[in-house]
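See structure below.
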Amino acid sequence: MRNYLRSLFLFTLVFLTINGILAESRQPDKFKEALTIKPLSDGKLLTHFQFSVKHYGYKEGVVFSHYNFFPRAIGQIFQTYNVRELHLTFTQGRWNYEDWGYPFVPSAGTGVELWAWLWKDGKLDENWKSLTNALAGLFCASLNFIDDTITVQPKLSFRPEGPFNITELTERAELRYGSLPHENVCTENLTPWIKLLPCKSTSGIASLLNGHKLYDSNFHSMSIHVQPSCEEPDCINQQLEIIQTVSTVIDPVRNSGKRDWSLNNVFGRRLSQACPLAEESNLEIIIPEDGDYKIIPDADDIIQRSMDDTDDVEKKIAVYNLKKIEPDTELSMIWNEDQFEYNFNPVQPRIFAHRFFTGYGQERGGIKVNIFNKSPNISIPIIYYDVIPWYLKLYLHTLKVQINGKNTKLDAVNPIKDLYFQPAVDRSRPNVIEAEMLLPPNSLTTLSIKFDKVFLKYTEHPPDANRGFDIGSGIISTGKIDNDFLSNSTNMSLVTKKSLVEYMYFPIRIYTETLLVSLPTPDFSMPYNVITLTCTVIALFFGSMFNLITRSFVAFIDAGEEKAKKKIDSDKSNVQKGEKKDFDGENFDSDKSNVQKEENRDFDREKTKLEAEKTIDNN
Amino acid sequence: MSKVRQELKTIEVLPNLTGVIIFGVAFAIRFILFQFSNITEILGNRVEIVTPVTSFTRLTEGLYLFDNGVPPYDGGAFHQAPLFLACFQLLSYLPNILIPLTYIIADLLIAYLLANITRIKQHLYKDFPRIDVELYEGKPKEIDPWIVSGLYLFNPLTVASCLSRSTLLFTNLSVVLGTYYSLRNNKSYGMFWIAMATYLSFYPLMLVIPSILMLTNNTNLKGKKIENEVYSCAGLYIGWLTGLFILSYLLVDSWDFMQSTYGVILLLPDLTPNIGLFWYFFIEMFDQFRSFFLVVFQLHAFIFVVPISIKFRNHPLFVVFLLSGIMAVFKSYPSIGDASLYLAFLPIYSEIVKYMRYNYLTTNIFCYCSILSPIFYHLWIYAGSGNANFFYAITLVYTVGNIILLVDSTFSMLRREFDIWNPELRHCEITQK
């Protein structure tokens, strides 16, 4: 009976396991796509494409090789190099926080930004290097230039976007971050990006991705995020999710003077059918709160939702389901106005920042960051993060913090709660500043630091040396202020004691401007001349010194004078014998005897010569 | 002959009115100028005066990192010896005025020791034969030791270097102390200060040989073997140096400082301009030849130690002068502070000046460089109307000026000695063999 039960139990177990595996592998990847359009307060238009594919049955450390919608190219790179999370963003232009508010996804600073959590497997740095190279090949970008001099490990600013357990994460994975501010983004990066989509650009909202229109914009950002995700709160079954986004900010006012837009004049294309593989395919328009406008045709549905993490205000959204829409539908929004009137008092986001260089000349300078906190009555915790390349030598002792133009020296009012600084090492790693700060309400906090510009070897300058070097954006991480924090922020001592990072999560990232610094240049046509001239000077010294040290002085003497001289010589040696003295213990008589010997030898030779050369070792 | 030794121990330059005036004025000038913080700021940022390995700004940075628990040698900004950290940390607890005072006192101490060195040198050469013209009423004309101090203290290069708070001053002090004690036959102190100078800026390593020459000069009188004396000196030197290294290790708790100080001096990762030959040469050097030329240039600086020490074995002080001159020109990060040291040794041998052929030229070159080098640097870095070659040209001229001075004084020394031993050949034509 017991045997029977045991075999039944075993059988059930095997059945369940097999069933589970089959069920898991049977569950197909899920693909969702959405296009969000938002008229911005300065008349520009934000369009945001988001595509996400979820691969079910993903287990950390277990290699999967069956691909459905999930792009194989990314999946293979992801698994080969033991990546836990991957975030790659290509951006051109700068997100204008003051006019546009916060973007839907953290926009990255100009250029390319790559950050990834990699599993510690003994060859993590090698994997990171391979990862950058593989992605460089995949996206036709110069990601392979993210080498040791650029790579950093931020301590505070970046947390995984997917689910994570902080202790497990810090033990088993490490973060690597690299950015290339000078990288230009163009169609050669977009094409491989589109190829990763299940429907490519043949149908669905991806068919609107028209390179000609996309890059004719004030700002565009294209990104790939690969991260584990969970659908249940306890996170037993994980999925691997890839989120691809494209955001562009287009200026309809530039052409017509009005804010009117239609899909055709924004993208140069009309909407065709939805991607048949997509589970959801939506087009959403965030409806402005005021203004006289109409959207044609009418939306399928109007919902209310809050759009970004800082804003609790729910916004009205017109939703079009592309599964139901007619082919070649033209969607447009028409404002009842003759000319767009610029809004001079836009609603500013809570935190924004500007960064700029100070000083002049090519020898030294300074960096200044102005961080604004516009909230009228709450102190806001932020993390300021800045990577400055090694060719600017930062002096940490010159770091100054000002609040509303006043120096803060007292610790009580110092907004910097914790500071992590990694000084640069020439040709091997950059400067990293990470500061946890608490910004007082309605304030302008200014950080300033001075640096020396490094003189580079002529081979280290780029071909366009006088253009200068790009310095990547500084990043401010901040987040939604939760009530816990608010209740405690009155008690400042508690905040200073406890690390802010443990305290709250910082999902919003604000990127400052990238900067351009010109370094002193040598004359690039000079290598041969410099080698020649410097070596000549060295040879001049070596030659003259060698000459003086090795050759002794010689007098030309007539034979007639010789006899007279001999007499003097003998007199001299007598005199010298008499007054022979020690010079500090050193016997000068040895010198004298040398002189004598030389003279005797010379005298023999002189017999046969009329004019003789007399040498004396004057030493 | 122990009398000579006895005398050496006691010989001391006596203060007189000249001395008091010179030191008083020198102190006042420095003290007043230190009160203008923008002067020290400007001078402390001049590439001619401070280098990456002596800059006070970088020392402050190293100190700041050290105070805040960041390993100071982990970054690429601080390249100075760990003992500076300890000393300046101590100074930072004391009133602010002490830092300028330390610099002023170090400078005055150098001058005082130079006067003493002059006095000892004059004593040692008392019985050395002379040429007739140097005698005045049967007695040799000697330079007043206080004038030697004065020439050091009022040398604009010295003043500028002191005001810039360049830490090179302490290397110079160690060199002068090392020379002073070696001349006094104080083996232990002499070797300690030479070891200290080596520890602070590496190149004074070459001064070990002249110091040993000074220390072993009268060993045969004491009945000791010269070899043993040389070994004991070398042993002392190595002992002191090791001691300093171990002390530094205990201070910063890692050996990183070796790479960050001596590694930087030898391998030249920081190509900030200075008045030397290295920076532009290695900015412009092709990558594949960089290591080769680095070895050649560093060897070139050291290659003269042995031949000069042999040639002038009877004049070890003159060897110190020549070697500090060579250091000042051919070290990897030279500054005018280096030049001020070797120029201070020159008046001690004032008797050779009348043999020097290019005094007018070298003086002019120094003036010309002092005026044009800031201008050309400004044209390159700030105005943008000149390029790097402008400043490079001035560094070449400066180097050539120093070279002419060094070669000329070597020539004068040898030529004068030839005349001393061959007074009868005074009217003959003298050339080199």
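All positions are counted from 1 along the displayed chain.
Glycine too: its Cβ is placed from the backbone N, Cα and C atoms.
Record features (TrEMBL):
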TRANSMEM  B:12-33  transmembrane segment
TRANSMEM  B:93-115  transmembrane segment
TRANSMEM  B:192-214  transmembrane segment
TRANSMEM  B:234-252  transmembrane segment
TRANSMEM  B:264-283  transmembrane segment
TRANSMEM  B:289-310  transmembrane segment
TRANSMEM  B:317-333  transmembrane segment
TRANSMEM  B:365-383  transmembrane segment
TRANSMEM  B:389-407  transmembrane segment
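Using a Cβ-Cβ cut-off under 8 Å and counting only residues 6 or more beyond its ends in the same chain, the transmembrane segment (B:365-383) has close neighbours at 46-48, 156, 273, 275, 390-391, 393-395, 397-398, 400-401, 404. Across B:12-33, B:264-283, B:289-310, B:317-333, B:389-407, stretch B:317-333 shows the highest tally of CB pairs under 8 A with the transmembrane segment (B:192-214).
Long-range contacts of the transmembrane segment (B:12-33) within the same chain: residues 39-40, 100, 103-104, 107-108, 111-112, 115-116, 118-119, 144-147, 149-150, 153-154, 159, 162-163, each at least 6 residues beyond the stretch ends and with a Cβ under 8 Å from a Cβ of the stretch. Counting same-chain residues at least six beyond the ends of the transmembrane segment (B:264-283), those with a Cβ under 8 angstroms from any Cβ of the stretch are 47-48, 51-53, 76, 79, 201-203, 290, 293-294, 297-298, 329-336, 369, 373, 377, 388, 391-392, 394-396, 398-399.
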